[in-house]
Amino acid sequence: MYIEDTIAAIGTPQGEGGIGIVRVSGSLAEAIGLRLFRFCKGAAFASHFLHYGAVVAPDGDAVLDEAMAVLMRAPRSYTREDVLELHCHGGMLVVERTLAAVLACGARLAEPGEFSRRAFVNGRIDLVQAEAVMDVIAAKTEASLALAQRQRAGALSERIETIRRALTRSLAFVEASIDFPEDDIGETDTVALRSGVSEALDDIGSLLAGFDEGRILREGISVLIVGKPNAGKSSLLNRLLKENRAIVTHVPGTTRDIIEETVNLGGLAVRLLDTAGIRHTDDVVEREGINRALGKIPLADLVLFVLDSARPFSDEDRLILDAVKGKTTIVVLNKSDLPPIIDLPPTVGEMPRVALSAGTGTGIDDLREVIRTTFLHGSVLDSREFVAISRVRHRDALVSARSALHRFLSGLDEGRELETLAIDLRDALYAVGQVTGETTTDDILDVVFSSFCIGK
């Protein structure tokens, strides 16, 4: 697809750095490069070669910066258009002046994600691969990076394409039977149709079954640490972070506001939230912190309910127990280095629990493992072949496809008209195509690409 205008943007993060890159894509890219780049040797671009020289002002008088430049001629580029990159020093002013010069030569400022959108529109990547580009950039663990790289390489797209081909064959058979009614669908044909659609349903079911783990690998989880004052919540946070992030004292109520940090727990990105000790208090500031802690409980993926095993189970503990009812909760029996006194009520005894000492570090690795296995199977992190859908958009599309295929199979058994069966298969194909962007709307594309950074 030919797009007439030329876009440009800064392709490196804001701030000071060793190198700053201004990226240009479109029909004017080479002309802009020839106007703004003064070659040290030669006077023309060789495609995909890095040239040394200087970036000059559009009028050619002032040198803006010593630079390198590379031109990637279509279709051998990320967008399948002519792409120019100007590599200058990474100071903010230098990069902004270089971008301003490019814009003065006829390019316009790119919208968020517009380079990737052009790559998608021009058939360079599909929608799953476009999303995976951002997931690679945002990955916080080895496991999330590996999943994103597999999606970027097309592993998920291949799974979707297998489903699409199977459904296309089934639809072609049904439509042929509509066009040639003298060739009725016999029992053998019905069995073959059912088999093909059932295989596609199995593949869809397999992808849907992996959604929760795929989403968790991509997004991570939020873990809320709750407990009464001096139960050891802040000490536990520091142990999990392996640094003294929270202040630890023997004075109750030290933590007033929520402390939030992210840590990699065995391949799982975990956002830890340490909260104020929950108790009855007349202190206005402390009470606000307690209310914030209680308000976070419904929003957390996991609650770590910290109990002081060297003290009896108290009314404050019971208050917290009532608050976490119905939530995925791990009971942390802290201060295992001291003689145990606590007598757990039956409700707590039914919850998964870990005994540890936040003070000495004993049992911390056990807690890390329990957190990880609560959300991810070991095979997910260990397998280099794990492929999963990881976005709600993927899940919703496949759920729609599954519903359409169930309607098709029911209609096949009930002997419904072929036209109705064909509609069900078309609905399923449309839904499957939404995953990769083969069938989608501009509104969906706007939502997907608006979350990208401008230079990507």
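Glycine too: its Cβ is placed from the backbone N, Cα and C atoms.
Listed in TrEMBL:
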BINDING   ARG23, GLU85, ARG124, LYS456  (6S)-5-formyl-5,6,7,8-tetrahydrofolate binding site
DOMAIN    220-376  domain 'TrmE-type G'
BINDING   ASN230, THR249, VAL251, THR254  K(+) binding site
BINDING   230-235, 249-255, 274-277  GTP binding site
BINDING   SER234, THR255  Mg(2+) binding site
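If you draw a 10 Å sphere around the CB of LYS456 ((6S)-5-formyl-5,6,7,8-tetrahydrofolate binding site), it holds 21 other CB atoms from the protein chains shown. Within the set ARG23, GLU85, ARG124, LYS456 that the record links to (6S)-5-formyl-5,6,7,8-tetrahydrofolate, no two Cα atoms are more than 19 Å apart, and one pair reaches that distance. With the fewest other Cβ atoms inside 10 Å of its Cβ, the least crowded of the binding-site residues ASN230, SER234 in this structure is ASN230. Looking at ARG23, LYS233, the binding-site residues in this record, the fewest other C-beta atoms within 10 angstroms of the C-beta turn up around ARG23. Cα separation, SER234 (Mg(2+) binding site) to ALA276 (GTP binding site), rounded: 9 Å.
Put simply, LYS456 is the one of the binding-site residues ARG23, GLU85, ARG124, LYS456 whose Cα lies nearest to the Cα of LYS233 (GTP binding site). Of all the binding-site residues in the list ARG23, GLU85, ARG124, LYS456, the shortest Cα-Cα distance to ASN230 (K(+) binding site) is found for LYS456. Within 10 Å of the C-beta of GLU85 ((6S)-5-formyl-5,6,7,8-tetrahydrofolate binding site) we count 20 further C-beta atoms, all protein chains included.
Comparing the Cα of ALA276 (GTP binding site) with the Cα of every entry in ARG23, GLU85, ARG124, LYS456, these being the binding-site residues, the smallest distance points to LYS456. Cβ neighbour counts within 10 Å, taken over all protein chains shown, single out ALA276 as the most crowded of the binding-site residues ARG124, ALA276.
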